[in-house]
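A.B. asks: Got a structure for you, questions after.
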Amino acid sequence: MKKSSMDKEHKQSKLVLKENGSIGLVYRLETAQAVSLAKKVAEFLKERGFEVFTCPDQKVVAGTKAAKTKKHMDDLKLVIVLGGDGTYLRAVRLLEGRSVPILGFNMGSLGFLTAHSADSCFDIIEKTLEGKMVQRPRSMIYSKILRKGKVRAEYHALNDMVIERGSMSQLINTAIYSEKFLVSQVKADGFIVASPSGSTAYNLAAGGPICHPESPVFVVTPVAPHSLTSRPLLFPDDRELSFRLEGKTQKAHFIVDGQKMTELTADDEVIVSRSCYDHWMVREANHNYFHLLREKLKFGDRN
């Protein structure tokens, strides 16, 4: 990933891969079909002169090398994901800020991030190798957790960051600030801070709005608020937001892209802003976001 360029130039760019480059694989671990397809993809790429690596935290695919070192990950020119959106988000985490584009094939249920059909896998990969695909930037979210003024954790997310009560029996009382000004204080099961990419995930299920991927916004959506007036809010993504638990005994879980990262207490302040990194997503040149909404979510379907 690289310094965010979407403010100046949010247009797609052609993806060109040099021969004999390195390509990484991330696959859905518990799906036999994904494991089988990963082997076939590895062989397909090797026949075309590419070095293929299995990315960390998964069993090494036959015929590939394990990406064990920082250099292995740094040298990747493309990552291919075989799975669902959860697998795609795992690939984003594994890249840890690298500007490596991801090409996703859906082997899950919804497949909003893994937008390409697994049935078209080899045709799409061939088009990618021939330079017929494009990469499009998606904004990301950055958060840091302060305790007594000191940073104790930092995270980057493609979809969302969530503060939720988890298994706690009582609602959490959360104060939200924008540029140090109080926005709201609400009792709820939690709050979602979503990027435009994440607006169609947990945010949508919680009643939040869909945001076009190029929208320079965050959406903050309460989860089951104990209030008739608490509603989702859109904020410009050049603003800094902060969240604090009100009450000395309050605790909550902090979740990044679906993975629990840490526990929050009343001593913590969560500060959220736009990440300095963009994520690069591989798409066909004629890809249409609204077609994807209709296909995956039946958006605007009158039937």
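Quick reminder: no glycine exception, Cβ is built from N, Cα and C everywhere.
Keep in mind that this is a model prediction, so the values were computed, not measured.
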A.B. asks: Asp85, Gly86, Arg90, Asn159, Asp160, Lys187, Asp189, Ala224 bind NAD(+) in Swiss-Prot, but which of Gln135, Gln259 does that record place at the same site?
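C.D. replies: Answer per Swiss-Prot: Gln259.
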A.B. asks: Cβ atoms within 10 Å, counted per site: which of Asp160, Gln259 has the most, among these binding-site residues?
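C.D. replies: When each Cβ's neighbours within 10 Å are tallied, Asp160 leads.
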A.B. asks: Just checking, which of Asp85, Arg90, Asp189 (recorded positions) has the fewest C-beta atoms within 10 Å of its C-beta?
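C.D. replies: Among the recorded positions Asp85, Arg90, Asp189, the lowest count of other Cβ atoms within 10 Å belongs to Asp189.
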A.B. asks: Whole number in angstrom, please: the longest C-alpha to C-alpha distance across Asp85, Gly86, Arg90, Asn159, Asp160, Lys187, Asp189, Ala224, Gln259 for NAD(+).
C.D. replies: 31
